[in-house]
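Now, the feature entries from Swiss-Prot:
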| type | residues | note |
| --- | --- | --- |
| BINDING | 22-51, 309-319 | FAD binding site |
| COMPBIAS | 395-469 | compositional bias 'Gly residues' |
| REGION | 370-469 | region 'Disordered' |
Amino acid sequence: MNERADRSGGAAPGGDRTHRVPVLVVGGSLVGLSTSVFLGRLGVRHTLVERHAGTSIHPRGRGNNVRTMEIFRVAGTEPDIRRAAATLADNHGILQAPTLAGDAGEWLFKQIDPGGGLARFSPSSWCLCSQNDLEPELLTHATNLGGDLRFGTELLSFEADTEGVTAIVKSRETGEHTTIRADYLVAADGPRSPVREQLGIGQSGPGDLFHNVSITFRSRRLADVVGDRRFIVCYLTDENADGALLPVDNRENWVFHAPWHPEQGETVEDFTDERCAAHIRRAIGDPDLDVEITGKAPWHAAQRVARSYRSGRVLLAGDSAHEMSPTGAFGSNTGIQDAHNLAWKLAAVLEGWAGEALLDTYDTERRPVAEATSARAAHRSVEHSHPGFAPPPVAGGGGPGAGTPGGAGRGTGGPGGPGGPGGLGGPGGPGGTGGPGGPGGPGGPDGPRGAGGAPGGGPGGGPGGGGPQRGILNVALGYRYPRGAVVGADPATPVVPEGLDLTGAPGSRAPHLWVRRGQDRLSTLDLYEDSLVLLSDAAQPTGWHEAAAGVAAGMRVPLKSYRVGGSPGADLNPDDEETDWARAHGVTRGGAVLVRPDGFVAWRSPGPAPDPESMLRQVVGTVLARS
């Protein structure tokens, strides 16, 4: 089936010529389009090429986790994305049943954020927006920001040297060739990634995990069978017709994921419309159900991570850098967050306020996140049932995914719903990865704060649950960078901590506090996008604010300084008078916190410094790789 909406009008006109641009983005799916939006917000000229004629038209990859939505909030896209997702705004739970007809089923959980506890940590929340609805919104924003987006344009070849990359692209509509000379190339070209393969970058991980076929269909009577059960995904467990059912509009459009076993000689061609319709009827439990098949897309779940995210002037992002089990909807979210990490670093280097070595920290920071996240996703896949997934027994236990055959198959995508809210007894279903496949849902939040102060309770169980159950909020929001463009981080700190700890530690996502700037109410996270930011106390004459002005001018670095507190002269006033901004960031009122443009803490000083400008200059130089 044609899975892209035609937007080939963006292809370059004219004959052979050389086009010069700071950044060339290869791939125009979620990660490529997000990269374009983030670069556009930072004023970085770029060209994006995508071989397909337009954006995805297949409903898949629906799970956008809270960190992704925070990023989209700062980028100005969140309101439009939520409008595009309005149809499924009231769908929250994961249901499991032998069949839907005549069986109430068992709710694995009914709410993504029971009790609304997520608001303590974030101004945003999860959003179910399928890829076919999300990509057009990103495309519109990227275009409005001045992005040069060329759909229907294929990368034919590229050569990288020490000064940049020379690429040859071809309009698939006209056959015309264009030479593009870029300072950097971002490869968001999917799990098969010709760019990665040409560079000879290998991959680690067990490989393919399982295969499904995503079937889109229409059924007017199915809504009556479903009734008021507003699930994100329903796992149907009849041993002769298992599968995962997902609503597209809660009325007549649906997606069903059926197991596919190519290792047994089964082909995609075996999935005829008649076979698919019969399977769906058996799974639903209604032999007379009206089923009109409208599309089919094979996909696989895999666990692979590139051994390097950078080769000179070329950087990998999204599925070209990592594939992971669909459990928890980590794949596309991790890719979008790759793009966010990379965009500010490219801007800093291209604009001359950071050293070129800053780009090395992209691999240093993001690859361990993908490794830890993919391992956690595989762990949850062992815990949760999914059609076609049967992890082999591993002698001696092993780790998540150990013993899984590492095939060379390529495909993409993943279905599913959110991982369940930990600590509440509800395991979650799988969420989507980033390529063609089924829609994914968000991971559920951790359980209530335990006695020790960390969400999800004590160290005996994972966050958000005991024993093998692990919460997802610490994975989606609490991951950190023990090494990279940070100063003072503990290199022994796990990338994914056992609990959610957003208290201002270097390498972690900065805390969220509601503040007032004049008449405007905003989250502190809204401050972080196009510059470094220094927070200090408005009532303490420690010299941090003046030091920031001196460093910004002397080093020619975009560095904004905000004095926080209820005192006269404060730039930011906490919305709640009881809020202690310094304590929330792990410092005293005499200290300071430096936050990066991506909202991660670069460094903090617990208290005053004898020479704050000298200290800050040294820290900024280290963070930005300034020799």
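Count begins at 1; order follows the chain as displayed.
Cβ atoms here come from the backbone N, Cα and C positions, even for glycine.
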Densest Cβ neighbourhood among Gly28, Gly40 (binding-site residues), 10 Å radius: Gly28
Among the binding-site residues Ser34, His46, which residue has the fewest other Cβ atoms within 10 Å of its own Cβ? His46
Within 10 Å of the Cβ of Leu315 (FAD binding site), how many other Cβ atoms can you find? Include all protein chains, please. 27
Cβ neighbours of Pro22 (FAD binding site) where a neighbour is any other Cβ within 10 Å: 18
Are there residues of the same chain, six or more positions away from Tyr309 (FAD binding site), whose CB falls under 8 angstroms from its CB, and which are they? Leu315, Leu316, Ala317, Ala321, Asp338, Tyr362, Asp363, Arg366, Arg367
For Gly40 (FAD binding site), which DSSP three-state class applies? helix
